[in-house]
Amino acid sequence: MLKIKSTTVIAVMHNNEVAIGADGQATMGSTVVKGNVNKIRKLLDGKVLTGFAGSTADAFTLLDRFDEKLQRYFGHMKRSAIELAKDWRTDRYLRRLEAMLIAVNKEELLLISGTGDVIEPDNGIVTIGSGSLYAESAAIALKKHAPHLTAEEIVRESLTIAADICIYTNDNLTIEKIS
């Protein structure tokens, strides 16, 4: 099973725009197995964007479940994430899944953790993966000192900085936005 724990995914809400991006590197242990993986997915006809880190098969299982919850709860992202987290914590099969998700829409950024937690950041930035602290630090600085940048530009530059520092993050980026 392909595990993409060593990756970087970031979402930024800034100036009425939301962007999410990820690098394209997949590793198994200390070996790069692919350099152009797309870790960003669109749900609800692009109204919800998601990014994942962890085991690929596990992430797709969770994305499918999250999509089902979004359909069931009429696109209410936070409610859908909480219901997914409840399932994640109580379902014996789901508890063994090794993945983390970021979900964004026009109003919200959410981190859905591997322990079934749903976290809404208060600074408009959420990151996961091995390069997440580098990307988050860059995004915090850019939001503070370059407020004229768009959310997409902040995501791009933050991922580029993370790729320069983290050996498990490359600069083959996928970025999507919601305005």
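Glycine is treated like the rest: Cβ placed from N, Cα and C.
In the three-state DSSP reading, THR7 (active site) counts as coil. The feature active site is assigned by Swiss-Prot to THR7.
For ALA163, CYS166, THR169, the entry in Swiss-Prot reads Na(+) binding site. ALA163 (Na(+) binding site): 22 other CB atoms within 10 A of its CB, across all protein chains.
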Within 8 Å of the Cβ centroid of the Na(+) site residues ALA163, CYS166, THR169, which other residues of the same chain have their Cβ?
THR8, ASP23, GLN25, SER130, GLY131, TYR134, LEU159, ALA162, ASP164, ILE165, ILE167, TYR168, ASN170, ASP171
Validating a neighbour-count step here. Other CB atoms within 10 A of the CB of CYS166 (Na(+) binding site): how many?
22
